[in-house]
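Listed features, source TrEMBL:
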type	residues	note
DOMAIN	B:4-83	domain 'Thiamin/hydroxymethyl pyrimidine-binding YkoF putative'
BINDING	B:LEU9, B:THR43	thiamine binding site
DOMAIN	B:124-201	domain 'Thiamin/hydroxymethyl pyrimidine-binding YkoF putative'
Number of protein chains: 2
Amino acid sequence: MFIGAQVSLYPMTSEFIRVILSGLEALTPYRDSLRIETDDISTLMVGAPGPLFDAVRDLFARTAQDPAHVTMHVTFSRGCPGEPDEPACRCETLTRAQGTPLAQRQAEALAAVQAAPVLGVEIDVQFSLYVLGQDRHMDEIYGCIDVLKASGTFLRSKNFCTRLRGDAGAVFETVRQAFLRFGPAEGHVTIDLTASANSPSPR
Amino acid sequence: MFIGAQVSLYPMTSEFIRVILSGLEALTPYRDSLRIETDDISTLMVGAPGPLFDAVRDLFARTAQDPAHVTMHVTFSRGCPGEPDEPACRCETLTRAQGTPLAQRQAEALAAVQAAPVLGVEIDVQFSLYVLGQDRHMDEIYGCIDVLKASGTFLRSKNFCTRLRGDAGAVFETVRQAFLRFGPAEGHVTIDLTASANSPSPR
């Protein structure tokens, strides 16, 4: 199993380099557990979903504490058939989810969101979950959407994606649960996510 | 069939509102053929792939003419089972692709890229193509990657995505061909795309 993300941070300020470099300090605690490589478009992070989602969350929460409007785009992926097996990506939650009925996975996902830490940073997110390589991929998607609606972070459905809003702790836990609990444990699942904070647009 | 995109433009300048509003003028010629709705995170565009990709291309090319570093994220989607049928989205290229062998679709895709207009704006793109609801989704992905490599816009493969570079005309035509010619004509296909121009990072 290979699990990772391509992450891009976009501060809407002429001082964007300073804001990005300051945000990257939030990754320091995760550099031992993740492989992190940056190019001119995005930063690749490879590792288990525990540190992976925590790192992405902390990167955005840190950057959102600057007054500038900032957005982040993340492509999360697990189980892509084109990627090598990576032992550091192993995840007990995924292994246990294999063969667990949908209702139980939904209950576990909601419990995890309720237990999420409060970071004190309000954010907006929209994301799409893609379960690949399955004839009946929409059953898992609809099962996930039920959890999103009950998560306390659900804002509304949009064409092609779902909007969440709330504390960065609960919002990123909701996204991690969507990524881990839906679609086959050994399957190919991806997420296309946009986060936003400090937007001048009316919310 | 329902076809559309969620589009977000990110100018990395404190004058981001001016740059976005100026870029939006590039959408004027397409307002009759696309449904366009904006909220605080993204702009929904719904319509046939002809005007849809042209509009997204022109929006980014216009914005990239400003000296500021600018990026754009787009989620393209066709055939999502959760969306209603929309007659304005009908596309002859998609209809003809149904049942056409992979080799012929690849040749038609390359011919379309070669015929793309030159806009005189150099851009970088990375994107992922997702073919949903199919057991053997990677066959179509690998068939598409062969076309990308021969397109003249291919830069390199990355984890989870492919990098393109070149004139905005050829690059967006390459992405449109990936979207239209791979995966079943009536199937659910999405693209997660990031475009970048005027980056201060070494390319």
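Cβ atoms are placed via backbone N, Cα and C, with glycine included.
When averaged over the domain 'Thiamin/hydroxymethyl pyrimidine-binding YkoF putative' (B:4-83), pLDDT in the model lands at 96. DSSP assigns B:LEU9 (thiamine binding site) to a strand in the three-state reduction. Taking DSSP states H, G and I as helix and E and B as strand, the domain 'Thiamin/hydroxymethyl pyrimidine-binding YkoF putative' (B:4-83) has 31 helix, 25 strand, 24 coil.
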